[in-house]
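What Swiss-Prot records for this protein:
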ACT_SITE  H827  active site, charge relay system
ACT_SITE  S1051  active site, nucleophile
ACT_SITE  E1109  active site, charge relay system
BINDING   A1002, G1003, G1004, G1079, M1080, T1081  substrate binding site
COMPBIAS  444-456  compositional bias 'Low complexity'
COMPBIAS  466-498  compositional bias 'Low complexity'
COMPBIAS  1159-1171  compositional bias 'Basic and acidic residues'
REGION    432-498  region 'Disordered'
REGION    842-941  region 'PDZ-like'
REGION    1149-1171  region 'Disordered'
SITE      D1052  site 'Transition state stabilizer'
Amino acid sequence: MRGARKSMGRVSYLRLPHLSGDQLCFVAEDDLWLASLDGPGRAWRLTVDRTKAGPPRFSPDGRHIAYTSWRTLVPEVHLVPVDGGPGRQLTHWGGLDTRVCGWSPPDPDGTTAVLAVASHGEPFSHLTWAYKVTPDGDPGRKLPWGPVTDIQAADLDGERRTLLLTGTPPHEPAAWKRYRGGATGRLWLHGERLLPDLGGHLSAPMFVGGRIAFLSDHEGVGNLYSCAQDGTGLRRHTDHDAFYARNAASDGTRVVYQCAGDLWIVDDLAPGSAPRRLDVRLSGPRAGRRTHQVPAAQHVGGISVDETGRASAVVVRGSLYWLTHRDGPARTIADTPGVRVRLPEMLGESGRIAYVTDAEGEDAVEISYLPRATGGRAARRLASGRLGRVLELVSDPAGDRLAVASHDGRLLILDVAEPDTEVTLALEAVDAGYPPDAGDEDAAGTAARADSAPDAPAEDTDARDIAAGTGTGDIADADAAAGGTVTPGSPGTPATAGGQVTELIRSVNGPVRDLAFSPDGTWLTWSHPGIGRTLRQIKMARIDGPEGTLVVDVTNGRFEDENPVFTRDGRYLAFLSWRGFDPVYDVHTGDLSFPLGCRPYLVPLSSATPSPFALNPEGRPAAGGLDPLEDEPGEGGAVMVEVEGLESRVTPFPVTASKYSALEPVAGGGLVWLRWPISGALGETFANPADPSERPTLEHFNLAKAKKSELVDHLDWFRVSGDGSRLVVLDEGELRAVPASEVGDGDSTTWIDLRRILHEVDPAAEWRQAYDEAGRLIRAYFWDPGMCGIDWDAVLDQYRPLLERVASPDEFADLLREVLGELGTSHAYVVAARRNEGPAHYQRWQGLLGANLACRDGRWLVRRILPGDSSDSKARSPLAGTGIRDGAVLTHVDGRPVDPVLGPSPLLAGAGGTTVELTFAPAEGCQGPSRRVAVVPLVDERPLRYQDWVAKRREVVRELSGGRCGYLHIPDMGGSGWAQFNRDLRMEVSRPALIVDVRGNAGGHISELVIEKLTRTILGWDLTRDAQPVSYTSNAPRGPVVAVADEATSSDGDMITAAFKLLRLGPVVGQRTWGGVVGMTGRHRLGDGSVITVPMNAAWFDAYGWSVENYGVAPDVEALRTPLDWAEGRYPVLDEAVRLALELLETNPPATPPGYEAVPDRSRPPLPPRE
């Protein structure tokens, strides 16, 4: 019994501990818990928020705990009494990175304050400043030390000392293990830097027993270390060699931390100290692991519509259901906890459906029979482990073959033909333990013969256990060595048909996609990747023919051709192609681009088949379109392909060039597709960013009449029924079935009630499945086939036991981050799933006013309304244009008085994005009545704060350089970064020198475009009378260029810094960059809703090799703005950059236009005399 009790102590995932006296506080199951340190005993819940919680910290007197909670959508500081009772929310900052760090020591009068860091009021989320927040709930006082990620304070030798941690990465150390880039962290004690050459992560700094303690992985694994206050005497106090020590905290003499789901304590920092594990057991039912129902409409993962459009197979959170469209019940097809079903595909009119399952740990195809009134049939499982990661699954019209696109570039044909029906039915009956239908004498005889066979195999208990939850009867393990299916109860015995896998073709440049069969099932077409991973070509393959398989190139690979489909009469092949080259002039820089490059194209498969868009010597029929054929082939007829001249028969549809996707053939010889509006990358094209005009339109094209019509004005996606007569449309979580060739009305539109699907989630089983699937995704997509020497299976085995402790989506995400952290590679991210439980109250965003307010004698004054930028719609203060001036006093919000201590922020809780009324009294010394204004508070102030931040730094550069240096800041390498770069480029390059600031650059993919602009050279000038000369090339730097980078310059920011140095554009000033250049492509949603990214694309440079990853790019000149520089208002980094630029100007003067002194003489020369 004692052993059983001991094991019970480690069934929970314990995190984020702190201690005070004999009490221990920690986070588990998304709540705070308290436990006694004296010995084993049950912990008790302190909060019941059931939502993500941050690190808790006891107050110095041990009576309260400050912690970070996500109860209000974003993290805010909360305070809860240790003895129980309601907690209080202390901050209403609305930032994304708020975190409690600790408490300040008591002042002589006994008062103390919470120490927290937050990006509130900053332009970037990584710029977290330290704040002191008093327990009475004032908005907090910003401390002057600049951006910090942790702060501790203590009274040492009669003096208040501050310990700061700066320059850390955006990830926790365990999420990128053995990170050695430029953002490993800098430790400061009272302005002096400690341990500058440690060479590993620094985190969790603490004052402990007269020493400085911290966590570091500079020796390969995260452990607890300490040093003297001058940085000498480094000691290691723990010896974890497999799992990282994480999230350490101290009461000043002892240290507690988490490791592998357990809590550990180090009683002192003596040289021989050793950690001990704390025996902590939780009380309660572990509610986060209990089964619960989820709304199907929020978890639709795929749909396949039946032949006539009367019902669909619907994937809901990894399970498959059969749902009639109008009335009728929902029926389970496949629903096994811990098994994920994907990519359902109807097998023609055979009454069967195929889908991908991972029931055996690898992708396999399972074939189930659709529900019938006579009862179910056993499912068959095929090709387990031989398909790779299945990306697409398409059936031929007869339902005998599946085309499979695998992650590794293989295009496979899987035989799913029906085995001998009588034998299969009989064996199913015997295996199920009941006799076959007595009315079927042939079946009964077959069953008797099978049952009496001398070598009949024994019952397969394992297979029966696997099938227990499917709702469709037993599943036969069909992954036999012979490649075929096996009958139930007969493991390893091939069935009469099915299961053979044939590789049709293999791409060497990424996966094939967009598979489609011809109406007769003889031909298969797809989009094949080409040069540079952007070009694609259309290919076709004749699968059945007297000469075997024949692969044909329909297009030549010069363009991006995708989404090929056969028309339902088999006469044409249609596809989408990005081959339009009608350039559009850029209104700002004069560049040209091709935003209207896509159209649908049509290929007559025979030269004898007329193009519906071609001219006819006899003219067109009165109704337009084509003349009816005397021998109309109809749908599903034999497809005749004349290979010669296919490429020359490619013809564009007579529709406007735009952005198209999801091309599909429908009944009546028509086609449908989605047409997307041309909009900007930042969503500012439309007056209202939430306008549905940003969503696609579903259009139908009638080939016979060469006419286009609109079916649905906006939607998310759609699926086509087997006969092409109906479409199932998903629109903002609602499903409806509509006609495929005309606009639906009240009678022809069927709204599909997803509430009939009652899906129950087993969180523990989902997490086990999601964990294994994440492991397979990493194995399949990680950039190095050899996993950079990592034994990935061993890593998965090491962390797998911790799954049984997890009890919330956030805990599962935390565990998964530890696992992916073992890759030691950038861009391995995990986003937690949204839980379906949490606080019962209504959640909305904090409202922000885009202004700096200050409290003076209990009155809240508008100190400064941020000016913003009229070229950025998101960078506008709600108070701009209201007539409110600096100095006005905010007295009421929606008629409620502003508290003199708390300020207006609590009254703006939940007001983000909605209209509120603000009442202002005149500024001090001004007369007049109060004013009421209506404004819409912001949800996110960062764009507004960012423009103000850039303007201030430009002013600094102007002042330091005497106006000779231009200044550009690039916040990222995406749409917003490109916009910001070009917003000020023309003005700033006109100055003699240029400072290009990429500090804090969040990365992206456009560094090449920025480099192209910066490498322009002035070769000459264009002079116009009464106007200033213009350089050729235009918008080129006139003189020296200096780059500024820091440890937050990341990803594509690393790339542009490397390119800047390799191209010798100019010196780089600052700090070594982040060091993360193994990029990701897309995001993978797991079965539980978690999202992971896989490092897929590794950057290599001639000069640096692979070394930029996990190291970064070192500057030419190091410069650092220390906490004291921030406190005293100095700009040493910009100062150094400007100094270098001015020095370079002395030796490399800027390009200047010529004057009119040496213009050519074009006057008429005198006529020379005759000779």
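Using the three backbone atoms N, Cα and C, a Cβ is placed for every residue, glycine included.
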Site with most surrounding Cβ atoms, counting all protein chains shown within 10 Å, from the recorded positions D1052, E1109: D1052
Cα distance (Å, whole number) from G1003 (substrate binding site) to D1052 (site 'Transition state stabilizer'): 4
Those binding-site residues listed as A1002, M1080, and which of them has the most Cβ atoms within 10 Å of its own Cβ: A1002
Which active-site residues sit within 10 Å of A1002 (substrate binding site) - Cα, from H827, S1051, E1109: S1051
Three-class DSSP secondary structure - the residue listed as 'active site, nucleophile': coil
Same chain, 6+ residues apart, C-beta under 8 Å of the C-beta of G1079 (substrate binding site), given in sequence order: S826, H827, S1051, D1052, P1095, M1096, N1097, A1098, A1099
Listed recorded positions (S1051, T1081), ranked by Cβ neighbours within 10 Å, top entry: S1051
Alpha-carbon distance [T1081 (substrate binding site); E1109 (active site, charge relay system)] in Å: 17
Stretch-averaged pLDDT - the region 'PDZ-like' (842-941): 94
For G1004 (substrate binding site), nearby residues of its own chain (Cβ under 8 Å, 6 or more apart in sequence): D972, M973, G974, G977, S1051, D1052
Sequence-distant neighbours of G1003 (substrate binding site) in its chain (C-beta under 8 A, six or more apart): D972, M973, S1050, S1051, D1052, G1053, D1054, G1076
Tally of residues which DSSP labels helix, strand or coil - the region 'Disordered' (1149-1171): 0 helix, 0 strand, 23 coil
Where G1079 (substrate binding site) sits in the secondary structure, as DSSP reduces it to three classes: strand
Summary of DSSP states over the region 'PDZ-like' (842-941), given as helix, strand and coil counts: 4 helix, 35 strand, 61 coil
Where G1004 (substrate binding site) falls in three-state DSSP terms: strand
Max pairwise CA distance, angstrom, over record-listed substrate binders A1002, G1003, G1004, G1079, M1080, T1081: 16
